[in-house]
Amino acid sequence: MGAVWLSHVSQLVCGCYLIEQSSCVLRTFHWSLSHSLNFTLTMKPKRRRLGVKMESFSLATPNMCFRKVSSELDSSFNGENVVCGLELEEKTAGDRNRIHFLEERNEETLSKRLRKLSRLDKVRSALELFDSMRFLGLQPNAHACNSFLSCLLRNGDIQKAFTVFEFMRKKENVTGHTYSLMLKAVAEVKGCESALRMFRELEREPKRRSCFDVVLYNTAISLCGRINNVYETERIWRVMKGDGHIGTEITYSLLVSIFVRCGRSELALDVYDEMVNNKISLREDAMYAMISACTKEEKWDLALKIFQSMLKKGMKPNLVACNTLINSLGKAGKVGLVFKVYSVLKSLGHKPDEYTWNALLTALYKANRYEDVLQLFDMIRSENLCCLNEYLYNTAMVSCQKLGYWEKAVKLLYEMEGSGLTVSTSSYNLVISACEKSRKSKVALLVYEHMAQRDCKPNTFTYLSLVRSCIWGSLWDEVEDILKKVEPDVSLYNAAIHGMCLRREFKFAKELYVKMREMGLEPDGKTRAMMLQNLKKHQK
């Protein structure tokens, strides 16, 4: 027999014999005792196994307790103290793994076995094989180590996972996948911020950075997305491009989703341009995000293009995507395209909801088709196509305001109140404005009084509309009462003076102008011009 090289081992058990050994080398023994000779002659080759009991990895990296890893992860990651700096604790003797005598010594073959055991989640068998290879000086390849590392993490054995990682690091057997797995482990134990700190420390060392690949960058970007760290996401994306890495479908989908979710739609569009240049397609979820980004950036043509590409690929855009696209096209005044998308929405089997109808009403309103807005609203209401909300009522009332349909506006207001919906100040303002346009000053005042009775607080726009309405109705006392009730507001005085000059009530205009100056309010240029132009005429 040749020499079998071992590290320091306190006890060796061969069959039923216990041999105390303190040296590093166990050489061939010449058995002098007869029972020893008989044992040697009768030993079967299949049972040639060194029953060396030892603690897993206790030769160079003792077992550790991971419950104190948090304090270490708070410090900077320097590669040397990820594992060694942790507080180590000896485990009980009952938790010892067995080192097997391996007949096979081919590292590639053993690596394949380790990969197979790891994929089957045979944790104990994989651990014994890994220990045995390491004990005999054999090194699994990086693929096998990563597979084993992933197996340990899947089964929650974080302690051994960090030990294996330290072994790989010392043997310079790490890859980008290795770092990716460990970033995920750190994120689970300590949080995403700690994992990102570890990533930044890795970036600072060129030797480690040479192992970076797209998978690792994807992991770091994903961690940023978990905590909505848009600035770090953008930085990692720029660094990845600077290193010459081309993103994958996952990379661009992550970037688009994060940027849209964090309100950086302009960056999402930049990502999309880069993706198109690299001839990479987005995933379905990222396409939804891009349609949303295009809506915010008023890129309706790009949103429509993405929507059409989804249909060509056999995808079924959801109702939210259809509504978003309709809204985008409606804001651009593309009414024809709006109703084409609506037809597609129906063909996909979606049932239009209140957002769909509001987008359609808004599209008609943007196209100045106010009569069509009211006609569609009446159809929605009469056929109970959806539950009417404040937005639908307001869209109808603003169309009434544009057309001067004060009666219909008042009717919709009372209907809205009767339905139990909360009527906002803006809704009352629309009705008062409709009365103003129709020269129904007294009706406007009644709506204002009704508004006050319902404890709805008026705003500056309410008073502006009331002042203009009362001036056109020659209700000068009411104008004066309104100005007395509210806090001094330069816009109200300017509007009142403009109206009075237009109605040729220069006396009242001059009184308001003097009062305005006494209160320290600064008139605008139009007010000054009107007063200078008509002051002499009024004095005569």
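Keep in mind that glycine also has a Cβ here, set from the backbone N, Cα and C atoms.
Values in this document were obtained by computation on a predicted structure and should not be read as measured data.
Per Swiss-Prot, these features apply:
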type: REPEAT; residues: 106-140; note: repeat 'PPR 1'
type: REPEAT; residues: 141-175; note: repeat 'PPR 2'
type: REPEAT; residues: 177-205; note: repeat 'PPR 3'
type: REPEAT; residues: 213-247; note: repeat 'PPR 4'
type: REPEAT; residues: 248-282; note: repeat 'PPR 5'
type: REPEAT; residues: 283-317; note: repeat 'PPR 6'
type: REPEAT; residues: 318-352; note: repeat 'PPR 7'
type: REPEAT; residues: 353-387; note: repeat 'PPR 8'
type: REPEAT; residues: 389-423; note: repeat 'PPR 9'
type: REPEAT; residues: 424-458; note: repeat 'PPR 10'
type: REPEAT; residues: 459-487; note: repeat 'PPR 11'
type: REPEAT; residues: 489-523; note: repeat 'PPR 12'
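Here the repeat 'PPR 6' (283-317) is broken down by DSSP into helix, strand and coil counts: 26 helix, 0 strand, 9 coil. Confidence annotation: the repeat 'PPR 9' (389-423) carries a mean pLDDT of 92 in the model.
Broken down by DSSP into helix, strand and coil, the repeat 'PPR 7' (318-352) contains 26 helix, 0 strand, 9 coil. Using DSSP to sort the residues of the repeat 'PPR 5' (248-282) gives these counts of helix, strand and coil: 26 helix, 0 strand, 9 coil.
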